[in-house]
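To start, the structure under review is shown below, and the notes come after it.
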Amino acid sequence: MELHQLTIKEAQERLRTKKFSSLELVKSCLGRIKKLDSKINAFITVCEKEALEGAKKADKIISHQSSVISHQSLLGIPIAVKDIFCTKGIKTTAGSKVLEDYIPVYDSTVVKRLKDVGAIILGKTNMDAWAHGSSGENSDFGATRNPWDFEYVPGGSSSGSAAALAADMALLATGTDTGGSIRLPASFCSLVGLKPTYGRVSRYGIIAMASSLDSIGHFTKNIIDSAIILNITAGQDSYDATTPRTPVPDYTKNLKKGIKGLKIGIPKEYFIKGLNKEMEKKVKETIKKLEKLGARLVNISLPHTEYALAVYYIIQPSEVSSNLARYDGIRFGFSRDRFADEARRRIMLGTYALSAGYYEAYYLKAMQVRSLIKKDFDEAFQKVDVLMAPVSPTLPFKLGEKVNDPLQMYLSDIFTVTANLAGIPGLSIPIGFIPSASSGQALPVGIQILGPQFSEELLFQVGYAYEEKTQWYKRKPEL
Amino acid sequence: MKKTTNNKQQTTKLTEEEVKHVAKLARLTLTPRAVKKFQKQLSEVLDYIEILKKVKTKGVGSTFQVTGLESVFREDKVAGPSLPQKEVLSGSKSIHNGMFKIKAIFE
């Protein structure tokens, strides 16, 4: 096995026991980027020099005082950061030409926390501009390709993060999920993608999309790694007033507890006409497998699910129009002429929905239906511990397939926006592969596990129980 | 006059004038071609959103946020050192005498 293929947990142990150095590990990932990124386009910026320097520093610390490693859990581990997280001294574009030359003078809280425990930033990953999109094709810096098949999209908006990790260019990639932007690409690229509870992870220093929905998470190769990272990123932050003081448990502690007696709800509204039949079969097989492992299955109804996407496409553009109003090209970045079509659509949609005479019909109505959607979940979680559902109605689609039809693109998020509206956590995990109808190429499929607010620990337990038996993460794309 | 009743998809929700007006409010400049394109695309999305009219919401409260947190305060003291002036201005292409130079508000 090559070094870049390791999980975080494996790399931690081997760095500690000096099986290899951080420099070797970082070089292995940089080599991977050099070999593949001209085809995949996962990175907007690669910080080779800084990463190599960071690795040398880490190696010095490891050789002199190995006790530090236990406090610096990611010491010497190379990571990729979505280009929407502000990174001090490293260009941060949000995938948009408006911010083509923007170099932040501060770190986002998540980046600071990752750096504080010794992580090494390899670079900043490509994304749909301003996180607007489900395919990565809305990037102003070119589309990213899916490492499992270059003809297909990796999913978006965290397209580069997902592709970078699936191609083993890093050991961790950060992401943001406002309507599915972590869970969808995770399922399209056979990765573990966590959208934490709203407020669990600080939004400070992350370029805002829709502030009442933005959730800050990450992609990892497996469940343990996801828990390791949440241990670092979760928790109250005085720079983000929406982060509550809810205690942060050790998310790795109870992973192996098993799921005996756990009640899993199957929401019927997620198994609708239009759901890919092969995928439906796979999702149902997965749920059956969990039943065999001791879980109890319960049929559930979330009656307002069909309205969620419409609610989302009022609330989200409204908040987008407000957040993007600050980009005036005066203090940093370029003028508003540089906004590309998708950002313009959302700014205009939001401006329209919030304008005089329409506010009540659109925004207020959407906020009321949002209450009903949240209530559906609250009631469901009285009866079951978690819910399991498909992440998306279709397999990964081809580049260009939906790019000229915004509404079709929006429909990719029909099963993911609900969790953002309710503020609950969702974990997308790989459940296997299905040959595509056109080429026969095996394409990844995922499932999402949803739980009540702050139930991440439970989601990891369920994910781990399945992963332990299947280990899909060991299968790699041929590159 | 052309009949439009046979059109399967109703795409006349927004007029071109409305698109131009909204763009102006949002300080976006659109070419005439872009106005036409956005008129169609935005109308389709607005048509889709109409589905919400089916939901009865009389007496239902609004969910503006999901944390339940209210009146979040911190201690009334300076949180930390501020950024130096040089760093604050480092991203700007429009500086005059160590300050941001903005467009005139009044002519």
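Cβ from N, Cα, C; glycine included.
Residues or ranges marked as domain 'Amidase' by TrEMBL: A:24-459.
Residues or ranges marked as active site, charge relay system by TrEMBL: A:Lys82 (among others). Every protein chain shown contributes to the tally, and the Cβ of A:Lys82 (active site, charge relay system) ends up with 34 other Cβ atoms within 10 Å.
Annotation for A:Ser157 (active site, charge relay system): same-chain Cβ neighbours under 8 Å, separated by at least 6 residues, are A:Gly95, A:Met127, A:Asp128, A:Ala131, A:His132, A:Gly133, A:Ser134, A:Gly136, A:Asn138, A:Thr176, A:Thr178, A:Ser181, A:Pro185. What TrEMBL records for A:Ser157 (among others) is active site, charge relay system.
The annotation active site, acyl-ester intermediate is assigned in TrEMBL to A:Ser181. Mapped onto three states, the DSSP output places A:Ser181 (active site, acyl-ester intermediate) in coil.
Counting Cβ atoms from all protein chains shown, A:Ser181 (active site, acyl-ester intermediate) has 35 others lying within 10 Å of its own Cβ. Averaged over the domain 'Amidase' (A:24-459), the predicted model reaches a pLDDT of 96.
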